[in-house]
Amino acid sequence: MSSSNSSSAVRSSAKHAAERIQQHLPPNSNHAVSLSSSSLNLPARTSIVAPGIAHSSRLKDRPSASSSSSSSSVSASSPSTRRSGTPVRRSQSKDFDDDNDPGRVRVSVRVRPRNGEELISDADFADLVELQPEIKRLKLRKNNWNSESYKFDEVFTDTASQKRVYEGVAKPVVEGVLSGYNGTIMAYGQTGTGKTYTVGKIGKDDAAERGIMVRALEDILLNASSASISVEISYLQLYMETIQDLLAPEKNNISINEDAKTGEVSVPGATVVNIQDLDHFLQVLQVGETNRHAANTKMNTESSRSHAILTVYVRRAMNEKTEKAKPESLGDKAIPRVRKSKLLIVDLAGSERINKSGTDGHMIEEAKFINLSLTSLGKCINALAEGSSHIPTRDSKLTRLLRDSFGGSARTSLIITIGPSARYHAETTSTIMFGQRAMKIVNMVKLKEEFDYESLCRKLETQVDHLTAEVERQNKLRNSEKHELEKRLRECENSFAEAEKNAVTRSKFLEKENTRLELSMKELLKDLQLQKDQCDLMHDKAIQLEMKLKNTKQQQLENSAYEAKLADTSQVYEKKIAELVQRVEDEQARSTNAEHQLTEMKNILSKQQKSIHEQEKGNYQYQRELAETTHTYESKIAELQKKLEGENARSNAAEDQLRQMKRLISDRQVISQENEEANELKIKLEELSQMYESTVDELQTVKLDYDDLLQQKEKLGEEVRDMKERLLLEEKQRKQMESELSKLKKNLRESENVVEEKRYMKEDLSKGSAESGAQTGSQRSQGLKKSLSGQRATMARLCEEVGIQKILQLIKSEDLEVQIQAVKVVANLAAEEANQVKIVEEGGVEALLMLVQSSQNSTILRVASGAIANLAMNEKSQDLIMNKGGAQLLAKMVTKTDDPQTLRMVAGALANLCGNEKFLKLLKEEEGIKGLLTMAQSGNIDIIAQVARGMANFAKCETREIMQGRRKGRSLLLEEGVLEWLTSNSHIDSASTQRHIELALCHLAQNEENANDFKRTGSVTEIVRISVESSRDDIRSLAKKILKTNPYFSS
């Protein structure tokens, strides 16, 4: 059993690998791989494991796409591929030729996926129905050989989205309602098949979950954005043949009215709400859903106990533009027209059998009324389908409400919901036949368009009121204007008389003023002439002043240029004076130096003493003259130049004498220097000879180095040639590995084909054993054995042709695709016990652990973890995994990935390691137990199942050691808080997980050292409950034995 749990994900990974390989096959290839959810199914091993990993939690009346065993791809495999001696008979149902008739009732079918209970109970049986959505057909199995085929307008698998269902079923009806036609959308089917989910799901948290009601109103409100369309709704339920208002629960037992002339059905007492937007509708719909009757049954946790009818009234004005253009016209063309349409969305309560649904008490009465109304509806459908003259619509209030939907003037779309389980064969057949009969009904679709006299009346009344008010306003305005004009006329007459008097007076005054102004104007002309003459004179003076101003500016420019030149000249003179002063100071310094030198040579230069005194006197006189002539630049410069020349002549003479003396002294110094230089040359010559010798030595060293370099060059050339040969060899090896990889893929496809054939043989075996007896079962078991032997032969041939060592080498490839395919093959091989030893001997465990530690690819992590889980079933592999730190590495995987499939594989591997007594303490030290508890926090039912299995294995091994006397003290699990976790999860829905938790609690309770912890956590009550309610006899017996023998529990 543990082998099937640990290797199921490996089979899934191998399936995906084969699909990936098949994508690269040419389009016309004959090697197509047939895959299903049971590909690569290998023999199971016995251990404490979870019986299934691919469980799906069942939500309230909701189709789920997570269950692979209930997908249509499995059940849609062609029966012709299965080997059977009995031919398969298929009976075709009549195809409907009037698909384009807009009045025909459109019928669609939707299949609910298997729930968790059906996955366990129906695991060995094929699906009851087989869907063919491409050709819009459904096959219903009668038995293993016979099936009936039915055609529908739409066929939806269990993976179909809510949006796709709405667009296929309801959207054409909604569009017709917007165009003015009545419409009906209805869901019919057995209880628990997803009617309320399909029609009435609100989808508050997830918009993708919204049902037909919400999506239909969303489309209608989107088109009703203009003011010409109004949308109103009413929401009723038919509960036990009583019509109740879901929007006003106090309204009970509302009556139904029928118009004798038109035959229209109405419910006048229902609450009608004007819908503004989608949020408003969702609030109203939530109120109605809250008031609807529901109950918990065996087949559905929230089973609807009433028929819900949502009625949407759409009113649309047709000539809005004409009314705006001619608001006052009263002709026939001005009468507004309106289109009234009505949409019924009906969520029927599910038909059910009391013995299967487990109803009792008041729910039996509810079921009677539900079945009664549905029976009446079925009778009406039968009568309409058969063309009967009498339609029994008055047998039930439901048929009266739906009178216009079947055989009336509405466009009707029916969706029937069915389940995949064979336990409800009769209910599924009845539902399908109901849909087939409904497809024969053709309604007379009519467009309801009428004159809107009410709107016209209101508009005319508004116009009359407006015109009356306008006439009164005009009369008042006319009277007020008349009084105002009379008043203004009187004022004008008075003002005219006064103006006439003022005009006569003013004319006399103006004549006098005119005479005075003429005289003053003549005087002003004279003054103007005088000012003109003065202006000409001033103009001439201005011209003269301008000329003077130009001359003045020119003189100023010349003066400024002169001043600039003067300033430059003065600066030049000052620089020259400063230079002469500096030269005089330099001469004084030189003279003083000469004095010092002459005093030292008195015997030789005695004749120069007088000249030196005269020079000092001349210098004194020169300085005095220089001070006197500071204000006269030119004279002072000339005198200074003369004195300077004389002083230079004298100083030159003195310098000549000094040079002669120095020359004598320098001759002696030159001789001594030549001696010194000769000595230095000798020393340098010796150094040069030494340098020559060292140079010769270095030259020899360089020659030796050069020879070494030549040898190294030859060696490097040889290494380069060797590297080229190695590269060529590696290229050949790479090509060889690629060819081996292609062989590996080919063998993998053959293996999968064999496994697929084995699955078909297994299904046929299970069916044949139930119907054909022992003889047919034995024949098919022999075929199954042959298929299994063929599979083992294929795996053996795969190992022999390619070799496990080469496959493990491909795991280290840099090509990610090659690496993924290689690890999938290793995982597939690891599921076979014969290959596990070879993988361990070839270093497969080290390679997989290294891959898990270093890789970041989710696919590699998932498949490698599955391979490790398979290898962990082998004792030798367990030793190697623990010695290489595999437990700690697996425990840390919870921080590396959150993929539930990967974590399930890791939990399965740790659970297998928990079954070895040698590693209990080491698993705790390397945080293996803590890692399992951390993985259980994900909430995934499959991961929790593996964690529970691991705890049961650990507790079982501890109990065995304690009974054999090899261990004492509290359980290691209690130190990690496992007891609290087991207690809190002991009521989990999964039967296998609950069994493992019960086993773990019983094994822990056998150790008396754990008694205080059981009392502290309240787990004793769980032991008591297990002794009474456990589904396994052996577990109940063990719990009772513990309660009797343990004094701490009995007290």
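Using N, Cα and C of the backbone, Cβ positions are placed for all residues, glycine too.
In Swiss-Prot, the region 'Disordered' annotation falls on 753-788 of the listed ranges 645-680, 753-788. For the ranges 1-39, 469-507, 586-624, the feature annotated in Swiss-Prot as region 'Disordered' maps to 1-39.
Listed by sequence, the residues of this chain that lie at least six past the ends of the repeat 'ARM 4' (917-956) yet keep a Cβ under 8 A from its Cβ atoms are 2, 5, 47-50, 53-55, 57, 878-879, 882, 885, 887-888, 890-894, 898, 900, 903-904, 906-908, 910-911, 971-973, 975-978, 981-982, 985, 988-990, 992-993, 996-997, 999-1000, 1003-1004. As a summary of secondary structure, the motif 'D-BOX' (411-419) carries 0 helix, 8 strand, 1 coil according to DSSP. Each residue of the repeat 'ARM 3' (875-915) gets a DSSP state, and the totals for helix, strand and coil are 33 helix, 0 strand, 8 coil.
Secondary structure of the repeat 'ARM 4' (917-956) per DSSP, as helix, strand and coil residue counts: 34 helix, 0 strand, 6 coil.
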